[in-house]
Amino acid sequence: GFFQSYAVEVDVKDASNATCLYAKWMMRFLIKYETNNSDYKNTALNLSSSVTHNGSICGNDTQAALLTVQFGEGHSWSINFTKNNETYQGDFITFTYNTNDTAVFPDAKRKGPITIVVKDTMHPVQLNNVFVCHNTDSFEAENVTQIFWNVTVQAFVENGTVGKKESRCRADTPTSAPTVPPTIANVTTASTTTLSPAPTTVPKPVENPDTGNYSLKSGNKTCLLATVGLQLNVSQDKPLLINVNPKTTSADGACGNTTATLKLNDGNSTLISF
């Protein structure tokens, strides 16, 4: 498979031994960490075959539900869910990785657990519905990329029975077929007048981006050069293409002994960094 990892299935019970929180998913972590030589390495942290869910909480109208799992040598991951009148949704994701795990971090400079918290982007889900997302989703923060796929989850399960109706994530929802504009072939008319198809407006193609020359200096010496034309493709509600304009874009960053970072800024916003 593309990702080598174990699936996790958690079935949290309430005091009457009825299911109150159910989840099954796959996840993987890509982590950049500093080594004893003060350079940086990338490593992958996968789930082990042995996962516990100590501390998971059912939740209620006034208390958030908590799904938390522990795996490997001191690693843990959790998400809490909040409930409104008719919906529930994920709130915050907390991930802790332990650099004392020498199998994953053999030469980490910083030792011990490191915790990061990110805001979940899950949309509100109708109560009694199961949230399903087979496509890959990811969160990136503080040198950690969290990757999820094949997700099935329902918080605040009622009567101990996981719902049968699914609420799909946007990535799983197929796009609708494009509307076919009327032409002479598909317009029915009783008139004998010859019809001509209405003129269609062809969208203006986005031109190739202008090439920019960007450089960084370390003292009086140039340490990084980049000659590149850049175009950003943002796919959210609809695709959006943005050309990076070299005339309004400045370069920032730093050069080190083993790494260099180039940041391209437009005003006060960082467009992209390498």
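The backbone N, Cα and C atoms fix where each Cβ goes, glycine too.
Residues or ranges marked as domain 'Lysosome-associated membrane glycoprotein 2-like luminal' in TrEMBL: 12-156 (among others).
Long-range C-beta contacts of CYS133 (disulfide bond), restricted to its own chain and to partners at least six residues apart, with a cutoff below 8 Å, comprise PHE148, TRP149, VAL151, ARG168, CYS169, ALA171, ASP172. Residues or ranges marked as disulfide bond in TrEMBL: CYS133-CYS169.
For 209-273 (among others), the entry in TrEMBL reads domain 'Lysosome-associated membrane glycoprotein 2-like luminal'.
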Around the Cβ of CYS169 (disulfide bond), the count of other Cβ atoms that are within 10 Å: 17
